[in-house]
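Listed in TrEMBL:
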type     : residues : note
TRANSMEM : 6-23     : transmembrane segment
TRANSMEM : 30-47    : transmembrane segment
TRANSMEM : 62-80    : transmembrane segment
TRANSMEM : 87-113   : transmembrane segment
TRANSMEM : 221-243  : transmembrane segment
TRANSMEM : 282-302  : transmembrane segment
TRANSMEM : 409-425  : transmembrane segment
TRANSMEM : 432-449  : transmembrane segment
TRANSMEM : 455-473  : transmembrane segment
TRANSMEM : 494-514  : transmembrane segment
Amino acid sequence: SALMLLAVEASCGYVIILTALYWCTECMPLAVTGLLPVILFPMMGIMESSEVCTQYMKDSNMLFVGGLLMATAVEHWNLHKRIALRVLLLVGVKPALLMMGFMGTTAFLSMWIGNTASTAMMLPISNAVLKQLCDTEAQAEEREMDLISLRGSEVEESPEARERRLKREAKYLKLDKGMSLSVCYAASIGGTATLTGTAPNLILKGQVDELFPGNGDIINFASWFGFSFPNMVLMLIISWLWLQFMYLGCNMKKLFGCGMNKDGDKEAYGVIKNEYKKLGSVSFAEGCILVLFVLLVLLWFTREPGFMPGWAAVLFNKDKPYVTDGTVAMLMSTLFFVIPSQLPRCGGYSEDGKPLKAPPTLLNWDVVHKKMPWNILLLVGGGFALARGSETSGLSQWLGESLAPLQSIPPVAISFLLSLLIATFTECSSNVATTTLFLPILASMAVAIKLHPLYVMLPCTICASLAFMLPVATPPNAIAFSYGNLKVMDMAKAGFVLNIIGVITINIALNTWGTAMFNLNTFPDWANVTTIPTP
């Protein structure tokens, strides 16, 4: 029977390796690969089909659906564009501040809507503003040249004019590259700040709940935000400084612009202002969505804030955790299908004598059907199924035991090296696949060497979002790349340094406030999972 047992573990290992290979090569769509466990686990006698299939709709998946519905509503009514332009109008258009404005706005948006959507919306705006700045400067120079040429009589471009033109074009090409990169990097960095900001964060929550059922809801919206948000801000500021240095040089006076060309600023500012004017005044629908959005975030934060009893504990969760973040997300997202998009009017007939129809609701199913990235649910579900399979087959126990010699290495080094490994791996496979594959392995390793599981799982989840080097590493990079000015080498150079910076800041966060928040220097009772179900 010992051989039989090893056979089950080996077949589970085979399924994981196969899925990993398919995910990295993308020879099938990621979501379809996510369905492989449904076929292979039952056929190899690892798990019953009914047990595999229930893994695909867990509580954290529901939280994800709620978050995606909220994002869909925001995008559908163009609220994200309004927020972005508003912020840019506040920041102004001096190159350094402009870059800061774009990075801050993109990061803020990608905390709540998808990273891809926020990049796709911000890039055209940044391109338009830069083009305007460049054109204005060109016109100013032409005017100067005209004055000179009135005195002389040359008509063709003088050598010095040509030189100035080329210099100007080179400067703006560089600025343009810097802007495109700053937007797509800020989207990836911003996504790490909230639990629903990007899929890997939710996978972490799902896997922790799956592998350590008694963890007492250690990762929820509030606790994740408390750990990740300061880290995100730190990463964003350092990335801004690095991109500044790479693409704008270090001349502070010029960057923050004292007494520099004012006309150009005015006209570039005008571009943003016109875009904002095109949106018109705030509609009833946008107002409703903003209110619902703020309400959802408040409910998430106060459900279980950690430093005091939240509303859920007082009202519902007296003896069991009945209400979770998923419940709240679903409650608020169903309201989108109830609340009308215009203020309902009383009075039975319109001008032409036809009875009035009720105004459409904020969201309808057609919009959701088109805009919702359903594939992520299958992908994430596949990850939960793999984790469950490696648990049931005893593969994770075997893995843990074989990784036990790592006990002699200091934990700080372990988390740092693993972060580097994952930051490298995520460059060549999708962020979701990276997280899904590594988290169960890290969990069993942590249990074997009596280390707090979150001490390795937290940094690796965030590192999976640090895909900065290649255009194919993550969709925002691909979008920035498709705008045409970037070369692969540009992205690799800037991204390499940012990867290192990211890994360092995450490990600083982990060993300072992370340790304090989650008691990472102890081995918690809930992680002592000796009762792994034996087949």
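Here the Cβ of each residue, glycine as well, is placed from N, Cα and C on the backbone.
Panel annotation: around the transmembrane segment (87-113), residues 70-71, 74-75, 80, 119, 121-122, 125-126, 129, 133, 175, 178-179, 182-183, 185-191, 193-194, 196-198, 232, 236, 239-240, 243-244, 248, 255-257, 260, 265, 268-269, 272-273, 276, 293 of the same chain, lying at least six beyond its termini, place a Cβ under 8 Å from a Cβ of the stretch.
Of the two recorded stretches, the transmembrane segment (62-80) lies close to the transmembrane segment (282-302), with three or more CB pairs under 8 Å once pairs fewer than 6 apart in sequence are set aside. Residues 8, 11-12, 14-15, 18-19, 22-23, 53, 55-56, 374-376, 378-383, 385-386, 388-389, 392-393, 430, 432-433 of the same chain lie 6 or more positions beyond the ends of the transmembrane segment (30-47) yet place their CB under 8 Å from a CB of it.
Panel annotation: around the transmembrane segment (455-473), residues 185, 188-189, 191-192, 198, 200-201, 203-204, 207-208, 227-228, 231, 411, 414-415, 418-419, 422-423, 426-428, 431-432, 434-435, 438-439, 442-443, 445-446, 480-481, 486, 488, 491-492, 494-496, 498-499, 502-503, 506-507, 510, 514, 518, 520 of the same chain, lying at least six beyond its termini, place a Cβ under 8 Å from a Cβ of the stretch. Taking pairs at least six residues apart, the transmembrane segment (432-449) and the transmembrane segment (6-23) share three or more Cβ pairs below 8 Å and count as touching.
If you look at the transmembrane segment (282-302) against the transmembrane segment (221-243), you find at least three C-beta pairs under 8 angstroms, all six or more positions apart, and that counts as contact. Long-range contacts of the transmembrane segment (6-23) within its own chain (CB-CB distance under 8 A, at least 6 residues past either end) are made by residues 30, 33-34, 36-37, 40-41, 44-46, 382, 386, 389-390, 393-395, 398, 429-430, 433, 436-437, 535.
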